[in-house]
Amino acid sequence: MSKLSLSSLDKTHLEGKKVLVRVDFNVPLNEDGQITDDTRIRAAIPTIEYLINHSAKVILAAHFGRPKGQVNEKMRLTPVAARLSELLGQNVALTNSCIGDEAIAQSNSLSNGDVLLLENVRFFGEEEKNDLEFAKKLASHADMYINDAFGAAHRAHASTQGVTNYLSPSVAGFLLEKELKYLQGAIDSPKRPLAAIVGGSKVSSKIGVLDSLLDKCDKIMIGGGMIFTFYKARGLDVGKSLVEEDKLKLAKDLEAKAKAKGVELLLPTDVVLADEFSPDANSKISRIDSISGNWMGLDIGPDSIKVFQNALAECKTIIWNGPMGVFEFDKFAEGTNAIATTLADLSAFSEVCTIIGGGDSVAAVEKAGLAEKMSHISTGGGASLELLEGKTLPGVAALNDA
């Protein structure tokens, strides 16, 4: 799906223009209201700086948290405006509301190169309902629209889809363009062999992805809590490990489909067991056919790590979505950390394209200090999953075609 992007617009298109940019500033805060991870803010900087340098008037729209259509003082974008001001080295004003006469007066008074952040669009319930009247009010701030919020592109909301009815051109920002290039590219025209590593605790949340990847991948490695549903489906004892009883048939069907399609589906052969779900639990390594009693699996074992590493060494494109174990507990983080290190090395030394597809895998890679070594780290959890499932993202579909 080829969409117009900011890179196709120059100063003649942008100078003096009021540009509404949808960004993803949904960042984590601590109890003191301070930002603990500004990755998403930094990810939007290239688009914002390009607009500043091309003398546009920049109006940013973002959501924060789930205020349920009401003003919530704890969900104001004040800390975001402060951090963005620091990163840009210039003042970023924040409106009291994203729509209304006062906000419009602020956007109308901008000079070329100024940046204005509209207050949390989700303070209005109309945002998530994709209400066109509300979208029209948002659009009235600007002459044109840029979507740079990949993390919200799978939502058909007023600020991601509705506004495109009233602003033209509507184009992709640099971040959105990069996300589509890597994720869409990995699915549509990857360098092969193509491998996917799929982890996480539940098969149910990854059904669509696994099903879609079976049509595209040469190898699929499965880790995380979901492996125990596959083992139970094979008739193995999994002790107290997490199992989705209603997904046993599905797990069997996925294994059968992989076999029929000639896709190499790798499941761990050994696991790290714990006697309780706790960072201080007693642990032991066990083959998958020797799990019993009150033990539960919380990570993949050392033999499985080696098998996965050997399989990955043959690949040219690797997509990773979901951790291999409970990486938040250091005792059960070895599988996830080993995969992260392997991907970083393959990316650095073998020119393998490594894509970290959002969510917990990103947190794991950042915790390991390896984010910079990957080819691409996706900023969207749900959005990257839906793209990998082959779904159309409403926020992308709404943009002007190239």
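Glycine is treated like the rest: Cβ placed from N, Cα and C.
Sequence annotations record features per position, and here Swiss-Prot assigns substrate binding site to ASP24, PHE25, ASN26, ARG40, HIS63, PHE64, GLY65, ARG66, ARG122, ARG155. ASP24 (substrate binding site): 25 other CB atoms within 10 A of its CB, across all protein chains.
As annotated by Swiss-Prot, ATP binding site applies to LYS206, GLY297, GLU328, GLY358, GLY359, ASP360, SER361, with the evidence given as sequence analysis. For the recorded site, LYS206 (ATP binding site), the DSSP three-state label reads coil. Annotation for LYS206 (ATP binding site): same-chain Cβ neighbours under 8 Å, separated by at least 6 residues, are VAL198, GLY200, MET226, ASN321, GLY322, LEU385.
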Considering only the binding-site residues ASP24, HIS63, GLY65, ARG122, which residue has the minimal Cα-Cα separation from SER361 (ATP binding site)? ASP24
Mind checking which of GLU328, ASP360 has the fewest other CB atoms within 10 A of its CB? They're the binding-site residues. GLU328
Among ASP24, PHE25, ASN26, ARG40, HIS63, PHE64, GLY65, ARG66, ARG122, ARG155, listed as contacts of substrate, what is the widest Cα spread in Å, to the nearest whole number? 18
Looking only at C-alpha atoms, tell me how far GLY297 (ATP binding site) is from GLY65 (substrate binding site), rounded to the nearest Å. 33
